[in-house]
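**Q** Dumping what TrEMBL says about this protein:
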{"type": "ACT_SITE", "residues": "LYS14", "note": "active site"}
{"type": "DOMAIN", "residues": "71-148", "note": "domain 'GHMP kinase N-terminal'"}
{"type": "BINDING", "residues": "PRO99, VAL100, GLU101, ALA102, GLY103, LEU104, GLY105, GLY106, GLY107, SER108, SER109", "note": "ATP binding site"}
{"type": "ACT_SITE", "residues": "ASP141", "note": "active site"}
{"type": "DOMAIN", "residues": "210-277", "note": "domain 'GHMP kinase C-terminal'"}
Amino acid sequence: MSPAGPGAAEAPAKVNLYLKVVGRRPDGYHLLDSLAVFADPADRLAAEPADDLSLVVDGPFAGRAGPVESNLVLKAARLLREHARSGMGARLRLTKLIPVEAGLGGGSSDAAAALRLLDALWETGFDEARLREMGARLGADVPVCVAGRPTLMAGIGEALTPAPALPPLAILLVNPGVATATPAVFRAYAALERGPAPPPLAGPIRDVEHLAEELRLRGNDLLPAACTVAPVVGEVVAELERLPGAVHASMSGSGATGFALFRDTAAARTAAETLAERRPGWWSHAGAVRA
Ligand code: C5P
């Protein structure tokens, strides 16, 4: 069952350690090459059997999560129920600890947790590949969140391969409190120049330094676009880059969350304290990258 215990699942933050835009589909969606990993904070989803489907949302970011009726958790539950051809219900509670519209895949991770949790609760027995297919209908980032481990994303996010083995890593996430809506960032991206793309990351990765080199080579193609939507994103990444012990810094997804990688969590926590003194209004979280 889930690491959060029976009837509960964790929905960790997704971080794109690099993100290249490598093309565009006729329907306008962008083709990506990205390395996604998972880290705390994690939203929490709890479910109890019930006749109907219902959801309450609480936690520090509940107020920014939009109307409950359009929450991806309910959409995921309905989709799973359709596939199971059953009328089962659940009383769901989602606790939002991940900033919303922040490039951390919070809503997508919640949807993935709902698919996994309700598959167990309703004993529908779908395997991971089926749950990922269902996830792809809910959003481009949902399949990788169903996988929930370091993964290379291709296509618009639905073509997944396991990432090469990564060294142990700690990460500091920093969000300046502005939302950069994904469609707006992709629109801004379309108006900017782009350079040639290096090939997707391939192993073996020798150590943290080697990984940092590979990440620097690729970066995040959406960063300049996100900076046009919210210039403070550039300040976030610049602040992260100058933190002692940071081996690499960039932005996750379409922003506005920036991240810095460290060799261990102690270094990430010390850096978080230094940054909190300089930028007391910014949200931050330091922890380990999940293996
Ligand atoms: O799939 P999702 O609803 O998360 O995507 C939100 C928006 O982000 C899409 O409507 C599209 O404008 C943009 N997007 C994109 N290419 C991707 C993922 C998202 O253009 N690979």
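Placed from the backbone N, Cα and C atoms, the Cβ positions cover glycine too.
TrEMBL does not curate its annotations; it predicts them automatically.
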**Q** According to DSSP, folded down to helix, strand and coil, what is SER109 (ATP binding site)?
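**A** Once the DSSP labels are grouped into three classes, SER109 (ATP binding site) ends up as helix.
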**Q** Quick check: in three-state DSSP terms, what is ASP141 (active site)?
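**A** Coil, per DSSP.
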**Q** Tell me whether GLY103 (ATP binding site) sits in a helix, a strand or coil according to DSSP.
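**A** In three-state terms, GLY103 (ATP binding site) counts as coil.
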**Q** Looking only at PRO99, GLY103, GLY105, GLY107, which of these binding-site residues has the biggest number of Cβ atoms within 10 Å around its Cβ?
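**A** Comparing the binding-site residues PRO99, GLY103, GLY105, GLY107, the most crowded Cβ belongs to GLY103.
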**Q** For the domain 'GHMP kinase C-terminal' (210-277), what does DSSP give as the number of helix, strand and coil residues?
**A** 39 helix, 10 strand, 19 coil
**Q** Taking the centroid of the Cβ atoms of PRO99, VAL100, GLU101, ALA102, GLY103, LEU104, GLY105, GLY106, GLY107, SER108, SER109 as the ATP site, which other residues of that chain lie with their Cβ within 8 Å of it, listed in sequence order?
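**A** Apart from the listed residues, the neighbours are ALA13, LYS14, ILE98, GLY253.
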**Q** Counting every protein chain present, what is the number of Cβ atoms, excluding its own, within 10 Å of the Cβ of SER109 (ATP binding site)?
**A** 28
**Q** Hey, of GLU101, GLY105, SER109, which of those binding-site residues are within 10 Å of ASP141 (active site), Cα to Cα?
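**A** So far as Cα distances go, the binding-site residues lying within 10 Å of ASP141 (active site) are GLY105, SER109.
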**Q** Please give me the binding-site residues out of PRO99, GLU101, GLY105, SER109 that lie within 10 Å of LYS14 (active site), comparing Cα atoms only.
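**A** Close binding-site residues: GLY105, SER109.
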**Q** Calculate the per-residue pLDDT averaged over the domain 'GHMP kinase N-terminal' (71-148) and state the result as an integer.
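**A** Residues in the domain 'GHMP kinase N-terminal' (71-148) carry a mean pLDDT of 97 in this prediction.
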**Q** Fewest other Cβ atoms within 10 Å: which of the recorded positions GLU101, ASP141 wins that one? Let me know.
**A** GLU101
